[in-house]
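Enquirer: The following feature annotations were taken from TrEMBL:
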- 63-269: domain 'ABC transmembrane type-1' (DOMAIN)
- 12-33: transmembrane segment (TRANSMEM)
- 63-91: transmembrane segment (TRANSMEM)
- 98-119: transmembrane segment (TRANSMEM)
- 143-167: transmembrane segment (TRANSMEM)
- 203-225: transmembrane segment (TRANSMEM)
- 250-270: transmembrane segment (TRANSMEM)
Amino acid sequence: MKKINIMLSKWKGIAFALPSTLLIIVLFIYPFLLSFQRSFQLADDSYSLLNYVQSWERYSSDIFFTVFISLVSLFILLLLSIILSGVLRLYSFAVVEFIFKIPLFVPYVVVGHAVRVFLAPHGTLTSLLNALNIVNPDNLPQIAFSSAGLIFALVWKNLGISLLLVLGSFRGVNQNMLEAAESMGASKYQLVKDFLVPICKSSFGVIAVLTFTSMMGSFSIPAMIGGGGGSQMLMIDVHQQMIEQQNLGMANAIGVFGYLFSMGATIYYLNGMGKGAETKYGS
């Protein structure tokens, strides 16, 4: 009877995991394997490494540029999320919290257009700075067409989800512990730095992986922001090869490069989680 119960519980676990596993296989693993196979395919249906060689020669700078922009945006995003979540956790500002969650409901195309208008040479920000005599009207800044504008847009768009996750983890910390620390002389800054951040650091890994992979694969915002010459985001290259050049093999090869960097971030996070579990519970 005991063996039957063990078998039933095992099959129940498999039954619960099966739908999500099939979803991952159909929506992620199968498309990647198909893309990986086609990345070796040439126009004459032969197979070689030529697509990867040409992709690296043409777009290696774009690959590193995409990783750089994503990492810088991620760093700024995490810093802002920790600061804002710390303030909102220790003080109650419902209106401010709602305002910072607005990016959750704004489509990427709308964000790209709005930020482009805001940062354009004759846009809202530049007009304000010009009225205050901060910028030279004969040499207006090209923020909307620079890396700074791209980072600004990516950070703003991802701030809502990042703030939601960090603030949720901060609010999960026991209030009595914070009050006890405060009664012992801890400042608000110390409550965030020495209590909230260390206790909730595992949530930062989740946010980092989610936002980094999202930024690596972003297309709408880079298509409307930046583009001032030089390197560009990787998905723009994929679009050019797939739609404009009709070179599906190279487009798939570029996509595989992006996937490998995103997968690397995920593996790094999962490896860290595994080591943390071993440290906590023993090997």
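Backbone N, Cα and C define each Cβ position, glycine as well.
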Enquirer: Cβ pairs under 8 Å with the transmembrane segment (250-270): which stretch of 12-33, 63-91, 98-119, 143-167, 203-225 has the most?
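Expert: Against the transmembrane segment (250-270), the leading stretch is 203-225.
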Enquirer: Are there residues at least 6 beyond the ends of the transmembrane segment (203-225) whose Cβ is under 8 Å from a Cβ of it, and what are they?
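Expert: Hits for the transmembrane segment (203-225): 66-67, 69-71, 73-74, 77-78, 81, 107-109, 111-113, 115-116, 119, 144-145, 149-150, 153-154, 157-158, 161-162, 165-166, 168-169, 232-236, 239, 258, 261-262, 265-266, 269, 272-273.
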